[in-house]
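**Student:** Below is a structure I'd like to ask you about.
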Amino acid sequence: GCLLGGRGRGPDEYEKRYSGAFPPQLRAQMRDLARGMFVFGYDNYMAHAFPQDELNPIHCRGRGPDRGDPSNLNINDVLGNYSLTLVDALDTLAIMGNSSEFQKAVKLVINTVSFDKDSTVQVFEATIRVLGSLLSAHRIITDSKQPFGDMTIKDYDNELLHMAHDLAVRLLPAFENTKTGIPYPRVNLKTGVPPDSNNETCTAGAGSLLVEFGILSRLLGDSTFEWVARRAVKALWNLRSNDTGLLGNVVNIQTGHWVGKQSGLGAGLDSFYEYLLKSYILFGEKEDLEMFNAAYQSIQNYLRRGREACNEGEGDPPLYVNVNMFSGQLMNTWIDSLQAFFPGLQACCFHVLIGDVEDAICLHAFYYAIWKRYGALPERYNWQLQAPDVLFYPLRPELVESTYLLYQATKNPFYLHVGMDILQSLEKYTKVKCGYATLHHVIDKSKEDRMESFFLSETCKYLYLLFDEENPVHKSGTKYMFTTEGHIVSVDKHLRESPWKEFFSEEGGEDQDGKSVHRPKSPELKVINSSSNVSHFLQGWFAGGRGESNANLSSRAPGRKLVAR
């Protein structure tokens, strides 16, 4: 059941342990431990791996694309030979107030990183890890109020925005020659879509590009990027089941046929739901909120099992399961670690809409109970057998993210204790000679020689923010949101202004349920207000800028496959 109890119940062991205040000295100690964790990983990457993409922390070496085996998608989908870990970590440096290293890192990125590479990468991974980080760092540099300290760069001429634009242009071929408007999963940064490209992609990979592409479009004054990303979202949305309103996890981009009919909150779907809400928060487009609300209702109707209340009533505690998108019937008895993001999304709803905090508390407690058992989250957990199905843990951030967001929503010190448990587990089980290593097996704690970039961009960042109550993220008066890769974005009115509003207006219609929907005017790729010269971006938008088989992909980052590496 839920670890927080207390509603209609007497105190239990968890309440006795966690309901007291978390001492300020302990909080400062945990904040410093989280910062030290980031610094140890980052410094070792810079010393032993840069300019390669990732650090192999056991052998203290760098890792890049697997040129010898193009089919090694677990590596090649993510690593593009563009200093991935450095790029992905930029805004974490700023959030931790390290202005000198942030400025040094930005200059290194500007001077050494190029996207003119013969690298075939996953569109989703390149978007959330690289494009999103460049845009976040650019906005931090150009923020007139500089809440994190002086993060300005002398003689900065929007180079990171130029680089983001260059990368996005190289990703655009994925959206061409697709009959549905749903993009190909991969592109070669030099040559475009590979001739032997797969026509199958996962829903999260194709439908979670709108935040980054939308920000880029609104900074450049070029609707192209937002338009193609929004078209993909709507194409997927229009393929949902007439009976349940659910989407599957793998789709054919040419036929619109659902190859994978599993509907759940984890691999293949998670960030699709996340970005429906976050796109609305950022851009204020009403249809994004309408889609999110409808999707959330379908999730509650068909995926949620167990008793109605978290702490009261008969039956099992609530759980979200994997079902057939057409019938709503249970497909298997496992959940994956990526689903641990969902309580954080529900907490996000709490701040923006009428959130489902009680349900979020309960689901978070389920994942934390698994963490407590193993000192990590296995990639898949069989809730019927109460045992892991897939045993590795690649330092994922989802449980940490939800812990942080639930603390912000409730201010319950329980979540500080959860964060401390996670920090101590990471230090005990994953720290190695030159960084932090993937756990190959959560039971025997054997390791793999890989430290993925999201460990520095997300896991360490959320742990640090959990304990740093005075951080400008919480105190500056600006409203911030995090992308699905943990990159910080200020929520302000400038991103809600688009000069192409009429272009995005669409012909009304009805879906097969008779519900009114918006449909794209044309499947053709169009360029409106296009400019290859970034100097044409709308002036003043920064003022006050605070504010697999190839398809069996594990979602939130679809390239993170649910197989042991």
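Even glycines carry a Cβ here, placed using N, Cα and C.
Pasting the feature list from TrEMBL:
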ACT_SITE  Glu125  active site, proton donor
ACT_SITE  Asp270  active site
ACT_SITE  Glu379  active site, proton donor
ACT_SITE  Glu398  active site
BINDING   Thr484  Ca(2+) binding site
**Student:** Taking Cα atoms as reference points, which of the recorded positions Asp270, Glu379, Glu398, Thr484 is nearest to Glu125 (active site, proton donor)?
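**Tutor:** Result for Glu125 (active site, proton donor): the nearest of the recorded positions is Thr484.
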**Student:** Reported as an integer number of Å, what is the Cα distance between Glu398 (active site) and the residue listed as 'Ca(2+) binding site'?
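**Tutor:** Rounded to a whole number, the Cα-Cα distance is 10 Å.
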**Student:** Would you kindly give the Cα-Cα distance separating Asp270 (active site) and Thr484 (Ca(2+) binding site), rounded to the nearest Å?
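**Tutor:** Roughly 10 Å, rounded to the nearest whole number.
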**Student:** Tell me the Cα distance separating Asp270 (active site) from Glu379 (active site, proton donor), rounded to the nearest angstrom.
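**Tutor:** Pair distance, Cα basis, whole Å: 14 Å.
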**Student:** Including all protein chains shown, what's the count of other C-beta atoms within 10 A of the C-beta of Thr484 (Ca(2+) binding site)?
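**Tutor:** I count 27 other Cβ atoms within 10 Å of it.
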